[in-house]
Every structure is written in C-alpha cells, then in structure tokens.
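Engineer: Attaching a single structure in structure tokens format; questions to follow.
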Amino acid sequence: MMESGVPPCAACGDDAHAACRACSYALCKACLDEDAAEGRTTCARCGGEYGAPDPAHGQGAVVEEEVEESHEPAAGGVRERVTMASQLSDHQDEGVHARTMSTHARTISSVSGVGSELNDESGKPIWKNRVESWKEKKKEKKASAKKAAAKAQAPPVEEQIMDEKDLTDAYEPLSRIIPISKNKLTPYRAVIIMRLVVLGLFFHYRITNPVYSAFGLWMTSVICEIWFGFSWILDQFPKWCPINRETYVDRLIARYGDGEDSGLAPVDFFVSTVDPLKEPPLITANTVLSILAVDYPVEKISCYVSDDGSAMLTFESLAETAEFARRWVPFCKKYSIEPRAPEFYFSQKIDYLKDKIHPSFVKERRAMKRDYEEYKVRINALVAKAQKTPEEGWIMQDGTPWPGNNPRDHPGMIQVFLGETGARDFDGNELPRLVYVSREKRPGYQHHKKAGAMNALVRVSAVLTNAPYILNLDCDHYVNNSKAVREAMCFMMDPSVGRDVCYVQFPQRFDGIDRSDRYANRNVVFFDVNMKGLDGLQGPVYVGTGCCFYRQALYGYGPPSLPALPKSSVCSWCCCCCPKKKAEKSEKEMHRDSRREDLESAIFNLREIDNYDEYERSMLISQMSFEKSFGLSSVFIESTLMENGGVPESANPSTLIKEAIHVISCGYEEKTEWGKEIGWIYGSVTEDILTGFKMHCRGWRSIYCMPIRPAFKGSAPINLSDRLHQVLRWALGSVEIFLSRHCPLWYGYGGGRLKWLQRLSYINTIVYPFTSLPLIAYCCLPAICLLTGKFIIPTLSNAATIWFLGLFISIIVTSVLELRWSGIGIEDWWRNEQFWVIGGVSAHLFAVFQGILKMIAGLDTNFTVTAKATDDTEFGELYVFKWTTVLIPPTSILVLNLVGVVAGFSDALNSGYESWGPLFGKVFFAMWVIMHLYPFLKGLMGRQNRTPTIVVLWSVLLASVFSLLWVKIDPFIGSSETTTTNSCANFDC
C-alpha cells in the first residue's frame, strides 16, 4: 500500500497498511493489535469499523486513484517528514512529534476528502480528538512501563546515598590548608619581634662597651655575634607564615575514577644510580619494586632507571628484578601490604596479620618470602661476581662484549624490561613500564653528573611515554606509602591549586637511624619547621628526591597565571605573604610572546603554499623555533608542546627507541638551553637547590605534602665520617651557587616574581657555609680566654645584665614556641643544635675553601657518592671510625677547650678566691662548646669506648703545643712577682 501512496503509520511511523477501508486511515499491524487488545475497533478518524467494506467502493477507488495520480508528490513529502519524525528518540520534544503527526493527519484528510464533516461542538474534527487521546494513553502506558523498569534496575537506597556522596565529593576541593592555631602562632611572632629588639639593644651595648685590655678578643667576638644575628634573621623570618596541608584521596578517586578508565594523569618515575658497589643493587631493586607496585593505574606508571656508571651489574640485577616483580606486584595489590619494598616489608617487627582477612594470606606470604630470599641470593651472586673485573671486560649472556665496559667512553643504552610489550605478571595483568637507561659518554664532553643524567631521563621519557608529571627518587629511597602518587595528584590535578604548581615536595624520612639520632640524620627541624614555613610563602625548596614535578615547568615555561609584583622594590614581611595584583610580564616572556606571534605569522604564510603537508609544516616550525632550546629531535620538540602529555601521533612507534638513543647522545645538549634554562640546572653539585630556585624565579609555586604515613623512606649515612662528607657536598654546592651568576643576592629581580621572604630563605641556603668562619673563631675564644686570663665582656652592670638575660630568655622562649607549633621533640631540636656546630667547624669550613679554590684556580670538585649501609649488625656503621681530614678542626677545638678548662682551674687555684668569679663565666663558655661537640667526641671513641690511635696522636700533639704556650704565658706567676720582675728590668743590676 506504501507503493500506492499510503503514508506510514499515523501513530509510530513504521510501515503501515490502510486499517480503515472507509477513509484509508493508516496504521501498522502492531498499533492495530494494540487497539484491538484495548477494545478499540473503530477508526480514530471516521468512526467506522476497522475492516468494514466501503459503502461507496467505486467512489473510494476513484478517490484512491486520484491520490495516487494527482497527489503523489504531496504524499511523498509527507512520507519524508513522517519518516524523519519516526527517527526521533523518545527523549525528544513531544511537541515536535505531535506537530508532525497533526500535519500528516491534515494532509491525509484533505486528500481523501473524508471526515471533514465530522466535527465536534468546538469545530475541531472528532478524529483528531480521538488520535490525540489515543496517543496520550499510549504515552502514559510507555511512561509507566519505563518507570517500572527504572525502579527495577535502580540500586538500593544505600548505594544511591553513596553515589550521591561520591558525586558531591567529585566537586569538592582535593586539598585544603590547615593554618596554625593563632594561640600558637601569635605568641611565637611576638617573641620573634621581642627577640629582634633585644638583639638590637644587645649589639648596642656590645659595641659601645669595648674591652680595651683584650681588644682583639672583644672585636673578634663582636664580629662573630653580628654574623650570628644576621644568620638568625635569614633563618627565622622565612618561618613567619607556617601552614599545614591536608589531602582528600577519596575525592580524587570520585572525580577522576580508578582502574583502566581512570582520568588520573600518567606519571614517570626517575631513579638514578652511579656505582653499584657503593649503592648496592639490592637497595636499588627494592626502590624499583616499590615503584612498580604503587597504588595507581598500571598503564599510567613508567619507571626509568638511570645507570650513570654503565655497570653490567646494574643491568643484570634489573633484569632479575623485572622477573621477580611478576610475582611481587600482584601479591602487594591483592593483600594491600605496606610498604611495598620487600626488604623492608619482611624486616618489619610488627604483627603482619593485623587487618588481614584472606585465609590464603599466611601461605602466600610464606611462599613470597621464600621467593624473595631466593631472589636475594641471585642478586648477591651477581654482586660477588662483579667484585673482580675480567681483563677482557664483561661479556653478556649472548657472548657479546658489554658496551659499557669503559664507564667514561661508551654508547647510549636503553632496554625496556616491562610494559606494553613486556611480560605480564603471573595473574595475567599488565605491569608498569620499566626502562633501563645509560646515556652515552665520550671523552671531551661535559656530563654534569647527576643533573646531566636527570636531563637525559627527561628527554628519553618524553620520547617513549611523555607523562605530564615526573617523580624522581634516589636509588635508596623506596615508596613507603603506596598512595603517595595520589597524594601528589591531589595538588597537581586540583584546578583551584595545581595551575601554578611546579612541584610537590615530600619530606625525607629514614630507616636504620640510631634511636638517639646522634648526628641529626633525620633533620627534623628542617623538614618539620623550615619547610612548613616556606610552604606558607612560595613553597618549599627542592631537596633532590621525593619530588613530583610538572614536566612543563622543567621545560623553562612560566606558570599560566603570573604572581603578584610588589608595590615597591623593598617589600616587608607582611606584604610577602599576601596576594597582590597580577604582575606584568618580564622582558623575557615578552620576547617569547613576540616569537610566538612571529611563528603564527609564519604559519599563516606557509598555509598559503598549495599542497603543503600539515605535518611537515608543523615540524619545520618546531625546528625553527625550538631546536636552539631543546636540541635536534623533532619527536622530542613535538612532545614539549603537549601540555597534557602523551606520545605525539606523528611519531612512528618503530623508531621511538632509535629517537630515544639519539636524545641521550653525549653531544645532544651542545648549543642548547639544557642545564641553563631547561631541566635540572648545571653549575653546582647541589643541582636541586638551583633547579627549584629557577622555577620560583619564574613565578611558579611549590607545595609541601606531609601525609600521615611517610610517602618515601631512605637510608642515611649514620657513620660520622660519611655523614660529614654528605654535609660537605651539600655545603660545597651552596658555596658554588653563592659564587655563580645564580646567586639569590643578585639573580632573579627582573620579573619580581620571587617573594622577598622566599628570596631570604634562598640566601640563607647559600650563605650558611660561611658561618663556619665566625663559628670556629667563636668556639676557640673560651679556651683562649682561659689560657690568657682575659675575657671578651667587661664587668657587667645592671643594665648589661638585663640585656644578656633578655637575650637568653628570648632565645629559649622562641625555641619552645617553635617546638609547640611544629610538634617536634626537644631531643630532635637539641641534636640539630649540636650538629649545627659539628658540621659548622668541620665540613662547612672545608666547603668554603674548596669552593673558593674552584673559583680562583679552576679546580674541579669530585662528586663522592655516599656509601649506603650494608652492615647486617643493627647500627653497625655507627661505630665504624673512618679517619678523614674533615675531623681535624673539631678535634682540635675539642682538645683546646679541654686544655683551657684545666688551665683555668689551675690558675684559679693559684690565684685565690677573687679569680673564681670570672672563671665561672669562662668555664661556662667553654663547656657550651664541649657540650655541642659531645656527639662528635662519642663518634671518635667508637664502639668500645676507646679512642683510635690517630686521635691519641693528635691529642698528644695538640696538648704539647698548648702546654708550651701555657709555659710561655706562665699563669702560675703571681702579680707581685711579675711587678718585681718588670721593675728590675728597668735597672742595670
């Protein structure tokens, strides 16, 4: 009937036939059966019975023929419109559908000439009322059916509440700032101001009351005290606005999801190692295993291990680690164990069955521990084999020579162990990508030590995975909190916070430290006090490990929104913490913007060229604009333009490894901005300070994240000599920055983006080694005073006594209030004070002289890798004595003050009662020095409380020197004898 011009079904638009022979009203079979089931057997248009013969059949035939011949185009047009209407979904506007059906009804009515006479009282056709009534009933029936189906499929009320909660959490902030209580912070600030005032009055007294009988000692002491006051200001005021932060990992999951369909951003992990004999492969392997097992979608995690020593031992141990990871990773995720470094998990002295409900856990844990012990034996066998290098060099398993036999002259090497093309775990699940990287090294090329290795990893990862975020760890820092990456993403992926965040820094926490923390390895005062203070300004400094970077910030770009400019060139502490108006762009950014405009015009001109390929045009533009900054790699340059990460679509997967080898070649960085404005910055052995400083100068801010469970843990050098060498390297890096063009005293003023208190903290970071000079002089003063009988302070008046007492009280109260808001213990504070003196009179002094010699004579400073503890005995390394020249200055000061105390008491015994009063002040001064050096003295004594031979020889030598000096001074000669001798000298007897 459709071929003869009958339109589709008037109800649903499907293929129809003429249900009513009288008026040719079109209905499909389904709608006709539905009407019959509901008892409707009459036509909705004419009211006649469905299927009844037409009383005027001939006339009807003529009319139908007329419809076919005369109105075929009209019927076709209507058929088109109805077909389109039938394709509308049930959720579309019902008015549109009704209007289409009305048009169809009117068209059929006018053509057939039937029913126009059947109208109701209002003049509206009866058939139209019936059609609309029928349609409404049908819609109500469908709506009730849908409602019943939806109710059947609806989750329980509890699940609906949880879904609503998740939806609410998805729009909540992912983190918040927890300000320090005013009850704690206000008194703290008041005491700081009071201490500053008292310090000024104290200096006024000291300068205006010289000691003429000991003018040299007095002048030395005043200069030292002024420097200490300046150093205190640099250290104290950046702690003016301390804050705490809290993260909401559940909200992160609610917003971005979890699992394979998660919207979480990919993260590339960087692990760097140099010498596997000083950095045991088992420690590096535990770090890698903890990374592969983090609680994060596996397809979004990649681990890059940089072997800067090109050691086959590292390569083979990493291959063993990749195989063991196939068992370890699913075990960790199945039972949610913490930490996920097997060495530290199995060595925990806790109830490992707590909160475990799986019956198979004990059995699988026992089997896993056995597998790990077998894995350790294999690693130990590799280490034992590597102790003696063959004359012909190392040979790989396939019989070919190891390319890295010469660590100073070898090609670049990359090996992908796990990932999309690698093996899966034993449960059949995908594993994170694990990549071994050893950059090319050739004679005559600068390699820039760790900073150069990190920049090589930046380029390799950009070519292979190009995650928008980078998290770097030292080889001895394992992931202690499997949710650490999610903690960082709570800041990075929060739209209200993460736009201007260049990195999230986690505090360093350590295992294997003695209970008393003799050498302040935990560094609690810095990580729990200073870093919280900096977080309230522009953010914490970068400390070299445990830091999650935004990749675009490493490329030298500024933040999307620039920070405020100060109203004047001199800014007070109050304006440094407060937001201001949007800053103007610096000259460098204006130049960069102009370059972008030039590029846009170049793009416009290139588009005018006919048949010019889009990909070739973009590559040409990238090379013209970025090759001087990023180097000659089109794939890498294109990856830098992808702010959200991901491998460029134009990159050929088959050539990515070849491109990755190219970007780690030794000459790739020549004539580029790498190490100057891009990546880790060169010029100091402490590249971390310099890199973070450059980012803050560009206007970025950083975040300090302190989760309840420490994110990462590492090993610290608890041996005295190793600890001092570590401090020496840090101090040397600060001296190098101080003597370079990047010194915070004069660098970074152009854009005004570095807050003044933040600059003050960086100045303190690079100036503190120079405190060793006045500190050594000040520590020698009490012994000199005891030996000479003179003192640096004149007889105290009442006013002077008030200033001295006020200064001491303000120092004590400031420290107590600082402990109160930070939550650290008094023992940690005292250990920090002791090691400040120990490091200041030893490592810092050597760092100053080495840095000056490097600047004047061009002597290069050798980077010494801190050996990681491998002693099986608990705290075994603590008692090992390793002699080094760094120990000479503190040993000399210690012996000098001990000799001075003995000499002082001897002099008092011979001088009478009057000399005991001044003696107490001098002895207290000397005992203050000895108390601060007491941990150093214990370190010299060793495990058996016996002094090593070398120290005995030094002590005898120094004691002899000072004994001769003592005899020269003759403290036993009384004043009357001295007067007589001097009088006789004036006469010729």
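Here the Cβ of each residue, glycine as well, is placed from N, Cα and C on the backbone.
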Engineer: Annotation N-linked glycosylation site in Swiss-Prot: match it to one of N480, N862, please.
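Structural biologist: Of N480, N862, Swiss-Prot lists N862 as: N-linked glycosylation site.
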Engineer: Can you pick which of K449, K483, K532 Swiss-Prot lists for the same UDP-alpha-D-glucose site as S272, K278, E279, D308?
Structural biologist: K449
Engineer: Under the annotation given by Swiss-Prot, are L909 and I824 positioned on the same side of the membrane?
Structural biologist: yes
Engineer: Work through the recorded positions one by one (K450, D474, D688) and name whichever has its CA nearest to the CA of D308 (active site).
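Structural biologist: Of the recorded positions K450, D474, D688, K450 has its Cα closest to that of D308 (active site).
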Engineer: Over the topological domain 'Cytoplasmic' (820-835), what is the model's mean pLDDT?
Structural biologist: 91
Engineer: Per DSSP, to which secondary structure element type does D474 (Mn(2+) binding site) belong, with helix, strand and coil as the options?
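Structural biologist: It is in a strand.
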Engineer: The transmembrane segment (917-937): which same-chain residues, six or more beyond its ends, come within Cβ distance under 8 Å?
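Structural biologist: Same-chain contacts beyond the ends: 518-519, 720, 779, 781-783, 785-786, 791, 793, 831, 833-835, 837-838, 841, 890, 893-894, 897-898, 900-901, 904-905, 907-908.
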Engineer: Take a look at 185-205, 773-793, 836-856, 885-905 and tell me which one has the most Cβ pairs under 8 Å to the transmembrane segment (799-819).
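Structural biologist: If we count Cβ pairs closer than 8 Å to the transmembrane segment (799-819), 185-205 scores highest.
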Engineer: By DSSP assignment, list the helix, strand and coil residue numbers for the topological domain 'Cytoplasmic' (820-835), in that order.
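Structural biologist: Helix, strand, coil within the topological domain 'Cytoplasmic' (820-835): 13 helix, 0 strand, 3 coil.
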Engineer: When DSSP states are folded down to helix, strand and coil, where does D308 (active site) land?
Structural biologist: coil
Engineer: Return the count of C-beta atoms lying within 10 angstroms of the C-beta of K450 (Mn(2+) binding site), excluding that atom itself.
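Structural biologist: I count 22 other Cβ atoms within 10 Å of it.
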Engineer: List, in sequence order, the same-chain residues at least six positions removed whose CB sits under 8 Å from that of D474 (Mn(2+) binding site)?
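Structural biologist: Looking at Cβ-Cβ distances below 8 Å from D474 (Mn(2+) binding site), excluding near sequence neighbours, one finds V271, S272, T287, G544, T545, G714.
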Engineer: How many other Cβ atoms are found within 10 Å of the Cβ atom of D308 (active site), counting all protein chains shown?
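Structural biologist: A count of 23.
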